[in-house]
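Chemist: Submitted below is the structure of interest, expressed as structure tokens.
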Amino acid sequence: MNIEILASKIHRAVVTDANLNYVGSISIGEELIKAANLIENQKVEILDINNGERFATYVIKGKKGEICLNGAAARKVCVGDVVIIVAYASMKFKKAKKFKPTIVHVNNKNEIIKE
């Protein structure tokens, strides 16, 4: 049996921009993408601490320190909102019990403070 389990998390990132006229996605700085063990086009869930919104989108590479929601997702956040970005993986139950997710903590400038 496979189950969904937390694979990666960027904890308490700050939204730096919201671009309604872009095709879609979340732009994340490359250093955070790598640190969180994410890849471009990977599905992620966004949890907005400020307004309680939870929604899915996909990752694209952005500028250093950038957390920008694009397209329709831009309507779900405000610049300055604190968000948690999570990705899940499907794996066998036994493997999932031993699996350790990648968790990256950032400061209010989206700089890594703890991995």
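Cβ coordinates are placed from backbone N, Cα and C, and glycine is handled just like the others.
Swiss-Prot feature annotations, pasted as is:
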ACT_SITE  S25  active site, schiff-base intermediate with substrate
MOD_RES   S25  pyruvic acid (Ser)
BINDING   T57, G71, A72, A73  substrate binding site
ACT_SITE  Y58  active site, proton donor
Chemist: List the residues in the vicinity of the substrate site, defined as same-chain residues other than T57, G71, A72, A73 with C-beta within 8 angstroms of the site's C-beta centre.
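Modeler: The answer, listed by sequence position, is G24, S25, I26, F55, L69, N70, A74, R75, K76.
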Chemist: Rank the binding-site residues A72, A73 by the number of other Cβ atoms within 10 Å of each Cβ, and give the residue at the low end.
Modeler: A72
Chemist: Could you state the CA-to-CA distance between T57 (substrate binding site) and S25 (active site, schiff-base intermediate with substrate) to the nearest Å?
Modeler: 5
Chemist: By Cβ count within 10 Å, point out the most packed of the recorded positions listed: S25, G71.
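Modeler: The residue with the most neighbouring Cβ atoms within 10 Å is S25.
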Chemist: Taking the Cα atoms as reference points, how far is A72 (substrate binding site) from Y58 (active site, proton donor) in Å?
Modeler: 12
Chemist: Going along the chain, which residues six or more apart from the residue listed as 'active site, proton donor' have their CB under 8 A from its CB?
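Modeler: Expected: G24, S25, I26, N41, Q42, K43, V44.
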Chemist: Ten-angstrom check, please: count other Cβ atoms within 10 Å of the Cβ of T57 (substrate binding site), all chains counted.
Modeler: 19
Chemist: Hey, does DSSP put Y58 (active site, proton donor) in a helix, a strand, or just coil?
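Modeler: It is in a strand.
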